[in-house]
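Participant: One structure is given below, represented as structure tokens, and several questions about it will come after.
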């Protein structure tokens, strides 16, 4: 029987599954709809990021399963659970990049909370996985902010 702290780990991981599903679609939206002088750079970057998002979805969902949970697996459930919001459409290239930066910063904060809960549950594998995702996001934030300067 799982303790309440172990159940909370699964809930927090599922939030991240949902966030990455929404972000995956958002990044595709930006990839398809970016325009302007930075088209080639951003078109490629958004593809890199949605490919990475796909890997995070799978890794997070499989971790939920491995700790006895059930991963969110529908778009409707993802939209309901996610803290990340869909793109509204019509964003400029700079607004797209700013939106991704803001989403990544928010995710870093949520990942830190989830990692602390995983640490409390003595779930080192989950904590390590979350640390790795966080480190990647922090690097992306740095690079994308440099692009916006």
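Every residue, even glycine, has its Cβ placed from backbone N, Cα and C.
Swiss-Prot lists these features:
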type	residues	note
BINDING	31, 58, 62	Fe cation 1 binding site
BINDING	62	Fe cation 2 binding site
Participant: Give me the non-local Cβ neighbours of residue 62 (Fe cation 1 binding site): same chain, 6+ apart in sequence, Cβ-Cβ under 8 Å, ordered along the sequence.
Facilitator: 71
Participant: Give me the non-local Cβ neighbours of residue 31 (Fe cation 1 binding site): same chain, 6+ apart in sequence, Cβ-Cβ under 8 Å, ordered along the sequence.
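Facilitator: Same-chain residues close to residue 31 (Fe cation 1 binding site) (Cβ under 8 Å, separated by 6 or more) are 43, 46, 47, 50.
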Participant: Does anything in the same chain, at least 6 positions from residue 58 (Fe cation 1 binding site), have a Cβ under 8 Å from its Cβ, and if so what?
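Facilitator: Same-chain residues close to residue 58 (Fe cation 1 binding site) (Cβ under 8 Å, separated by 6 or more): none.
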